[in-house]
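In TrEMBL this protein carries:
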| type | residues | note |
| --- | --- | --- |
| TRANSMEM | 20-41 | transmembrane segment |
| TRANSMEM | 53-75 | transmembrane segment |
| TRANSMEM | 82-100 | transmembrane segment |
| TRANSMEM | 106-127 | transmembrane segment |
| TRANSMEM | 139-160 | transmembrane segment |
| TRANSMEM | 215-236 | transmembrane segment |
| TRANSMEM | 301-322 | transmembrane segment |
| TRANSMEM | 342-359 | transmembrane segment |
| TRANSMEM | 371-390 | transmembrane segment |
| TRANSMEM | 396-418 | transmembrane segment |
| TRANSMEM | 430-452 | transmembrane segment |
| TRANSMEM | 458-481 | transmembrane segment |
| REGION | 489-510 | region 'Disordered' |
Amino acid sequence: MWWWDARVTTLFKRNLQPTLTYWSVFFSFGLCIAFLGPTLLDLRCQTQSSLSQITWVFFSQQFCLLIGSCLGGVFKRTLAQSLLALFASSLAISVVFAIIPFCHHVVVLAVVMAMAGLAMGCIDTLSNMQLVKIYQKDSAVFLQALHFFVGFGALLSPLIADPFLSDTNCILTNVTANGSSNLPHIRKSLVPHHPGNLSHYDLPTKGLVVTRVSYAFWIMALINLPVPFAVFLLLYKERLVPCCQSSSPPLLSADELALETRAADKDDSSTSSPKIQSEIGHGDLFGCCQSKNFRGVPCSYFAVHVTGALLLFMTDGIMGEYSGFVYSYAVEEPLSVGHKMAGYLPSLFWGFITMGRLISIPVSYRMKPATMVFINVVGVLLTFFLLLIFSYSVVFLFVGTASLGLFLSSTFPSVLAYTEDILQYRGCATTVLVTGAGFGEMVLQLLVGSIIHDQGSYSFLVCGTIFGALAFVFYVFLLFFHRMHPQPQSDMDLSPDKPPPMGEPELYQS
């Protein structure tokens, strides 16, 4: 890879298997997070439930995802615990896909989706956390790649499900329901826990169930099955499988050992600090709140955590509410876009998010995370301003949707890399930021849904503009607290030409 220097290339080669494993686990996360929306109406038929009842399945998944994100740090104490938790979580996702077709009651389905949410939360926290631990100052590019894989999984999941979705009502009765011919419109209008103005559609709950969506879930279960196998291989390689444990660690190659020796000669403290830092920070959300962790830390320590979480609360919240409501906004006045054309908007949005994450992989190596975050938040704010100005233009709605996807694409990994750099990997940034982003995605969807219901569709863009402005304000505060936060002397003396310290050579050795 021509845009990497030799040091980072060597670091990547040494950690190739764990890096690819964490990327694959995040693909599993993306596969699971995006299937529920398109398949929800068929699952409604399968469980013979009402539209308002089935949308609670969204809530159970999202709420337990937040709990899983908070608790994910519990398993970070050793590499064995982290990998075992990732193995159990990725395997649980395959199991969930396999058993969803057998859930014929909405409560059972909600419980199964809650299990999937817990697994997804653990994956979200642990994958980000482990990559930060491995690469530290060089983690930005690898975090961008990690979040590309979640976007790729989120794009693939609806494509797998689409051929098996019902075009007409999947519960056959003697009376034709007035919602049967509107299923594509209802499907694209569904937002987590927000049936909104769809309650007037009389969808039957009793009758003969005819749906083929089970095949989609079984296909996704098979596609996801190699992921827990990859985690198991990493456990085996690190000699962390109980029956294969050994006290002798894997040896470094001669080139890697020489490179590590040179790095140690340049800065003796740089090679020992990651191990110390991994013991100090990166706990679970509740462990981070223990009073013993607050002794002797400056006020800026807390401020960086809070402003980083609030920044992601807004940007991830914008991502969730825009993808959820852009279709409903487009089909209503004044735009009145046709249902079929408006249905392309969410796909366009997520497509450009995935493309933006792919582009950000090489860009993040040459550009500082703080600069990327600035471009992201300013781009989001300007895009919303232009969407407000050209609110009667259908063409600009599509252009703005693509632009918004690009600017939002790399926000999370860039904010995470920037915040961890500020805290010198001694805080709880990963857990706090993942939790803040999850809260934003859930809360802002609920808030915007209520406002649109009361104030009309135009408030959708007004809300987005306000959230974008707040994201910019929190970014400015993050910069300010970065200036306030004390930096280690060795870090301040680091010259621009001197490469950042290597990751801990024994970090991935048992």
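Cβ coordinates come from backbone N, Cα and C, glycine included.
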- Taking pairs 6 or more apart in sequence, does the count of Cβ pairs under 8 Å between the transmembrane segment (342-359) and the transmembrane segment (53-75) hit 3 or more? no
- With pairs restricted to those 6 or more apart in sequence, evaluate whether the transmembrane segment (396-418) and the transmembrane segment (82-100) have 3+ C-beta pairs under 8 Å. no
- Message: Looking only at the recorded stretches 82-100, 106-127, 215-236, 301-322, 458-481, which one has the largest tally of CB-CB distances under 8 Å to the transmembrane segment (430-452)?
- Response: 301-322
- Item | Contact set, same chain, for the transmembrane segment (139-160): CB under 8 Å, 6 or more residues outside the stretch | 8, 12, 19, 22-24, 26-35, 37-38, 127-128, 131-132, 216, 219-220, 223, 347, 350-351, 353-354, 357-358, 360-365, 369, 372, 409-410, 412-414, 416-417, 420
- Task: Answer yes if the transmembrane segment (301-322) and the transmembrane segment (82-100) have at least three CB pairs under 8 Å among residue pairs 6 or more apart in sequence, and no otherwise.
- Result: no
- Item | Cβ contacts the transmembrane segment (106-127)/the transmembrane segment (82-100), at least three under 8 Å, sequence gap 6 or more | yes
- Item | Positions on the same chain near the transmembrane segment (458-481), where near means CB under 8 A and six or more residues out | 300, 303-304, 307-308, 310-311, 314-315, 317-318, 321-322, 325-326, 328-329, 370, 373-374, 377-378, 380-381, 383-385, 387-388, 391, 418-419, 422, 444, 447-448, 451-452
- Task: Establish whether the number of Cβ pairs under 8 Å between the transmembrane segment (215-236) and the transmembrane segment (53-75) reaches at least three, counting only pairs separated by 6 or more residues.
- Result: no
